[in-house]
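Here is the structure we will look at, set down as structure tokens.
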Amino acid sequence: MLFSEVCKVFMKIEETSKRTEKIHHFIKLIRMAEKENSPSSLRKICYLSIGRVYPEYESKELGIGPSMLIEAVKSIGIKEKDLLEAIKETGDIGIAIEKLSSQIKQASLFQQPLTLDDVYDTLKKVGEIEGESSQKKKIRYISNLLLRATPLERRYIARIILEDMRIGMNIPTILSAFSKYFGIPKEKLERIYAVVNDIGLLGEKLLMGVDIDKDEDLKLKLFRPIRPMLAQIAPSIKDAIEEIGTPQFETKYDGARVQIHRSGDKVKIYTRKLEDITNSLPEIVEEIKKLDRDNFIMEGECVAIDLNTGRPRPFQDILRRIRRKYDIEKMKEEISLRVYLFDILYHKEPLLDMPLKERRKILEEILSEDNDWEKKREKIEREIKSDKKIDISYKLVTRDVEKAEEFYRWSLGIGHEGVMIKNLNAVYTPGSRVRTMYKFKPTLESLDVVITKAKIGMGKRKDWYGSFEIAVRDEDGNLHPIGHVGSGLSEEELDRLSKMIDSIKIKEEGDEVIVKPEIVLEVTYEEIQESDKYSCGYALRFPRVVRIREDRPPEDINTLEDVKRIFQIQKGRRAEKN
Ligand code: AMP
């Protein structure tokens, strides 16, 4: 398949802002792959259309930043000064190269036009180059590719390299296109996608015509991390009991979620962003290896513990451990970790369709412990200060509101965030916010939002960005601004955030920059108001940053639905008070 044909469709997709039209054009790409009888082409198209080369579950990147790309562009004849000027003007390196194409040295006349495979395979190769003079080699491959490309192809090659496609395709839109073309309900595709996290693989399998309910590659497997199931907010403990009956309450630990995969001596630990953090947590890996069962995927919350008090240390400490790439042994001495395991998703086979009751039983068997708070409170309290590295979450199964509230207050008393309230009959639905698992915290719910714009600060803050436009998302992945936040950040955080913002800038508009929506903030606020200031109809009153959530992917931020729900809960709480 010619790459130029694919690019023409990419351009059509880019030119429309209507989702239905984007879907319509994407279906043309599916048809092109089908006509050539090439499911693998569809796989590559899927990745490229979202600016990737590797599947989403792999944290691997091409490793080429803007400066390296500029080097490659210079080497084929474009003048640096012109290039920088054009980038500034258009805010888009892809368009800049396309526009300046007349400066490029002519490739040989006998050159074959680029195929999709040429482009994809070269980029994949570039990502795999390592070691000495890897930078030079990468630049050489890219210059060759750009040299052979047409101006339009250059636009997209440059953007793919920087992993910023800007044609407005995202996973929900591709899934809608698959649903329409292959006649499969979107919810079903969403469920499979949440397990595989590989849109290319799903596209390829659909075009191959496999039975998607039975295909082994589309099932949960070891060492391919999945998106976790997310909780909803409960208005109160009483409400949750009324809805669920007899739930299992668990302490809601204040930490970072981890997914642990083990087969024999091979152990991998992933974050909820699906990043591999195995090397940062050697003591946890060791503990997991000591268990006498293997072949499993477990989930838990990783907490930094102050061993003198048994209380959790600030969230920042966990991030310091997770992000650490060197001096890990030293860091291990400084910050003690404990993982509270709360679920098992795989043991010799996928367990997702098993009710929580049974999954918990398996987990308790493997860990030889149940941490039933009613029966073992004293033992639990003794062990909080021990240097236990892994444990099972504390639980209380009850329909007694008072008892549940006591457990909730006790959980707060040991320094954690609140409680999780889980339906014991519920299956595990990866990647979605379910009504079978609730969280209850003392404060009005904080929101996870993503930064869409940043504004240069004033006075003392003039060297940093000082105010950030924040947005929630809707079911289709579209972002909706809901406020501006500037307070709550320390100088160190402002500095770090400003560097992060600079690395994902898309466009400058006066003293404001538009950024790729990648940085997740957890914010509190005084209340949610109905407001016509933002098109979504709501605004956060006095938002304040609680922390930068580097452990969370932007796909997991709160939705407009959540905002509406919290707005209702807030109204209810206010009515109760009056
Ligand atoms: P939130 O981050 O407020 O949406 O709350 C859900 C998060 O709480 C999950 O993603 C987990 O990271 C965390 N969590 C802490 N303790 C538990 C627990 N016992 N069960 C499930 N999730 C927990």
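Note that Cβ sites are derived from N, Cα and C of the backbone, with glycine treated the same way.
TrEMBL: automatically predicted annotations, no manual curation.
Around the Cβ of R272 (ATP binding site), a 10 Å sphere holds 21 further Cβ atoms from the protein chains shown. Annotated ATP binding site per TrEMBL: E250, R257, R272, E301, F342, R433, K439, in sequence order.
Sequence-distant neighbours of K252 (active site, N6-AMP-lysine intermediate): residues of the same chain at least 6 apart with a C-beta under 8 Å from its C-beta are S411, H416, E417, G418, V419, M420, K439, F440, K441. Annotation source TrEMBL lists active site, N6-AMP-lysine intermediate at K252.
Looking only at the domain 'ATP-dependent DNA ligase family profile' (330-474), the predicted model's pLDDT averages out at 94. The annotation domain 'ATP-dependent DNA ligase family profile' is assigned in TrEMBL to 330-474.
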Neighbour count (Cβ, 10 Å) for R257 (ATP binding site): 20
Candidates near ligand 1 among the binding-site residues E250, E301, R433, K439, judged by a Cβ under 6 angstroms: E250, E301, K439
Most Cβ neighbours inside 10 Å, all chains, among the binding-site residues E250, E301: E250
For ATP: widest Cα to Cα gap among E250, R257, R272, E301, F342, R433, K439 in Å: 20
Binding-site residues compared (R433, K439) - highest count of Cβ atoms within 10 Å: K439
